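Scroll down for the structure; my scribbles are underneath it.
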Number of protein chains: 2
Amino acid sequence: MQMWFSEYHTVNVKLDVRIEEQLFSGKSEYQKIDVFKSYEFGKMAALDGEIVFSDADEFIYDEMVTHVPMAVHPNAKKILIIGGGDGGVAKELIKYPFVEKIDVVETDKMFVDVCRKFFPEVACGLEDPRISMYYDDGLRFLRGKNDEYDLIINDSTDPLGHTEGLFTKEFYGSCYKALREDGIMVYQHGSPFYDEDEAECRKMHRKVYKSFPISRVYQAHIPTCPSGYWLFGFASKKYHPLNDLDAERWDALGMKTWYYTTNLHRGAFMLPKYVEDLLEEEETR
Amino acid sequence: MQMWFSEYHTVNVKLDVRIEEQLFSGKSEYQKIDVFKSYEFGKMAALDGEIVFSDADEFIYDEMVTHVPMAVHPNAKKILIIGGGDGGVAKELIKYPFVEKIDVVETDKMFVDVCRKFFPEVACGLEDPRISMYYDDGLRFLRGKNDEYDLIINDSTDPLGHTEGLFTKEFYGSCYKALREDGIMVYQHGSPFYDEDEAECRKMHRKVYKSFPISRVYQAHIPTCPSGYWLFGFASKKYHPLNDLDAERWDALGMKTWYYTTNLHRGAFMLPKYVEDLLEEEETR
């Protein structure tokens, strides 16, 4: 049998992954949820037909959104994850003994239930006693929050669809308010390579750059992402992602990782010229 | 019409690129050569069914194999390109006014002719008066060469097929001999992500690590490569790719690039943990 899952990176490019079997297919109030078992990537979760993570490469994404800010902030105790119903980011965060409270806000309860069933080794992140789950819209949850979090990780999938509100100026403003005076926000910045993605990437940087005093972009290589190349945003009220990196302190934690190191942390902010150029263009608009 | 070119990254993963038209198909003495016009990547050249470069991303590869060693070697005058019949590496090298002589050794004349016809903006690199073209096997060409080149760039496609000899211990030994006492060799190191590629990558590092006093690996994001992630090797008799990087001198050349910067140069050597680990394992075998 030949069964292929096609992920369209643009209308003219797709990544095809050979599937062993489909483990789940369902429709929640918000989206279509599918789980596949693939030969190359192991189990994969797809939302509305797009891979959101796979056994083989979730570690890259989850480590990069978690350890980069955690190696910079000297004392992140209270953290908010927006989206993140799969538990992957929580799984990394609970490794820090000094973290006291993690709020996870996820719109789609069915997605969480599906991840708990099919990805227990990822979703286990949600079982820690420091975790509080809220099934709510991220933007609504943030309203009224003031000076509360040391770190906000926006783990939402896409600037389109039901999570669109999490990519607006209002949203970034709400995050700013919800953060303490030395808070950091980390978010998905998309892929800059294909033209249609580049436009989104530019828009996002323009909005965040105006909302935070420090706004830098960093990169990782994620095979299932469009063109295999993914950017993250680091927006911060006080700490600079490189000048305030405390590599010694992080290394002393002795944390086991597969992608992140404090050396890679530095390299992740050294971007290709075409990416530097497009970000700078938005900064000087 | 829907015409898709499928590039198998493993037997279970492929990248599909929508094609506008096929511009050329032929069989040389060595390989099948195809040229396509695609919607997303512009024109693409394929050898034996594998994309070797495209209009949209050749700049990443060509800049990374050229400018990384050129920003380290203080005075590279005589250079050898093995493979490189498309002219892309030569195109970058001829931008350096102090380069005096560039030998290009390519087995397949038909490939060069096809590139000259369909990719004149890349193949133009071969028209510079400092270029000498040799239609020969790389390994045979190297025999008898002693203490001659400042830099050797091994631009060959694959450790399999008719270029297999360019990935052997004998080949690396011949390169060592052909280099001057402070020479550098740069080569394709493959992609480390998929298991079958990882094995090749390990083998290669083991061989080169034993042949040169300095042997470091660096990375780039190339969308049409397997998993979008590609490694290069930097093997050197004297200069270290980071300690001997002369960023000021390179920046003063005022060269126009789209991917390379001396800042990115540093970041390119900061590798993910899983890549660091597999290289270290081979070094201590």
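From the backbone N, Cα and C atoms, a Cβ is placed for every residue, glycine too.
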S-methyl-5'-thioadenosine binding in TrEMBL involves A:Gln31, A:Asp137, A:Gly138; of A:Glu7, A:Glu58, A:Glu106, A:Glu121, the partner in that site is A:Glu106
What is the separation, in Å, between the Cα atoms of A:Gln31 (S-methyl-5'-thioadenosine binding site) and A:Asp86 (spermidine binding site)?
-> 15
Would you kindly give the Cα-Cα distance separating A:Glu106 (S-methyl-5'-thioadenosine binding site) and A:Asp86 (spermidine binding site), rounded to the nearest Å?
-> 9
Across all protein chains in the structure, which of the binding-site residues A:Gln31, A:Ser156 has the highest Cβ count within 10 Å?
-> A:Ser156
Same chain, |i - j| six or more, Cβ under 8 Å of A:Asp155 (active site, proton acceptor); the result in sequence order is A:Val65, A:Ile81, A:Ile82, A:Gly83, A:Gly84, A:Gly88, A:Val89, A:Gln188
In angstrom units, rounded to an integer, how far apart are the Cα atoms of A:Ser156 (spermidine binding site) and A:Gly138 (S-methyl-5'-thioadenosine binding site)?
-> 9
Going by DSSP, give the three-state secondary structure for A:Gly138 (S-methyl-5'-thioadenosine binding site).
-> helix
Cβ density check for A:Glu106 (S-methyl-5'-thioadenosine binding site), other Cβ within 10 Å (all protein chains) comes to 25
